[in-house]
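**Q** Checked Swiss-Prot, it gives:
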- Cys12, Cys102, Cys198: [4Fe-4S] cluster binding site (BINDING)
- His47, His80, His130, Ser226, Asn228, Ser270: dimethylallyl diphosphate binding site (BINDING)
- His47, His80, His130, Thr170, Ser226, Asn228, Ser270: (2E)-4-hydroxy-3-methylbut-2-enyl diphosphate binding site (BINDING)
- His47, His80, His130, Ser226, Asn228, Ser270: isopentenyl diphosphate binding site (BINDING)
- Glu132: active site, proton donor (ACT_SITE)
Amino acid sequence: MNVRRAKTAGFCMGVSLALQKLNTALERRAGQSAGAGRICTLGPIIHNPQVLAEYETRGVVCVNDPAQLRQDDVAVIRAHGITRQVEQAVCASGATVVDATCPKVKKAQLSIARATSQGATLLLFGEEDHPEVRGLISYACGPAHVFGNAVELAALPLDPAQPYVLASQTTQDREIFTSIQESLSRALDDLTILSTICDATRERQEEARNIASSVDVMVVVGGRQSGNTRRLADVAALNGIATYHVESAEELEPKNFANKPRVGLTAGASTPKSLIDAAEKWLSSL
């Protein structure tokens, strides 16, 4: 089988930085005396089950409530960021805080705060229950609405005479956002547009589209909780070919690749190279 592997597959800059900060915290704690505080993350550091399981074996504790923190803990903020309110509670806990928020997400948070400082309504394109989106919304100084598609946007009671700010979750589909941007620009008199989709997301999606147009089937490797991985699968599937989103090579089935000699392989921004390598090896063996 001919496997075409995406060059952009695997860890993005934000994920690499977050894990580097977590590893540094673990190394420093290892050099301290017994009985030192815990290394904690505020929610999963990234959305990949294998990576999270590895850190759990190394003693990292995942907490979802700042009230669970102790003064001698090191609290590592997840790559997706957290809400302003949670961050304040973390700082008040007395724990040592390590901010591993992706720089692109942090920039989006601050851009939203500045753009809405006079009370403009935020329109955020994203997944309402995603931790990054909850964090972005918390930085809005005025009202805020989250929508996941054009239908949800059309249902919002927008007043053309009021000021609005349009932004996006950093891992959303760039083409869909551009279409939404053009539509709102025609409908609203006062619209500020923030470019918050990161370049890595755009490049991965463009490469996935390109590969999907020249193969018989696509495989996307990554955690099912990973929004950017799910969107890569969606982008590939739009080309009309079978697309399989798996967390590891163990989920691949030979029957899905029968009479399909060309396969495309990509992976989410939180997928380790080892998992991509394993999937490529499995596919190449067919």
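These residue numbers are counts, starting from 1, taken along the chain as shown.
Cβ from N, Cα, C; glycine included.
Tell me what's around each of these sites.
**A** Secondary structure at Cys102 ([4Fe-4S] cluster binding site), as computed by DSSP, is coil.
Within 10 Å of the C-beta of His47 (dimethylallyl diphosphate binding site) there are 27 other C-beta atoms, taking all protein chains into account. Reduced to three states, the DSSP call for His47 (dimethylallyl diphosphate binding site) is coil.
For His80 (dimethylallyl diphosphate binding site), other Cβ atoms within 10 Å of its Cβ number 29.
According to DSSP, Ser226 (dimethylallyl diphosphate binding site) sits in a coil region rather than a helix or strand. Counting every protein chain shown, the Cβ of Ser226 (dimethylallyl diphosphate binding site) has 23 other Cβ atoms within 10 Å.
Long-range Cβ contacts of Glu132 (active site, proton donor) within its own chain (separation 6+, distance under 8 Å): His80, Gly81, Val105, Gly126, Gln169, Thr170, Thr171, Gly227.
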**Q** Validating a neighbour-count step here. Other CB atoms within 10 A of the CB of His130 (dimethylallyl diphosphate binding site): how many?
**A** 18
**Q** List the other residues in this chain whose Cβ sits within 8 Å of the Cβ centroid of the (2E)-4-hydroxy-3-methylbut-2-enyl diphosphate site residues His47, His80, His130, Thr170, Ser226, Asn228, Ser270, in sequence order.
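**A** Leaving out the recorded residues gives Ile46, Ala79, Glu132, Thr171, Gln225, Gly227, Thr229, Gly268, Ala269.
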**Q** State the count of C-beta atoms found within 10 angstroms of the C-beta of Thr170 ((2E)-4-hydroxy-3-methylbut-2-enyl diphosphate binding site), not counting that atom itself.
**A** 27
**Q** Can you tell me how far the Cα of Ser270 (dimethylallyl diphosphate binding site) sits from the Cα of Cys198 ([4Fe-4S] cluster binding site), in Å?
**A** 15
**Q** Cβ within 8 angstroms of the Cβ centroid of Cys12, Cys102, Cys198: which residues besides those meet this for the [4Fe-4S] cluster site?
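**A** Result: Met13, Gly14, Val15, Ala79, Pro103, Lys104, Val105, Thr170, Thr171, Ala200, Thr201, Ala269.
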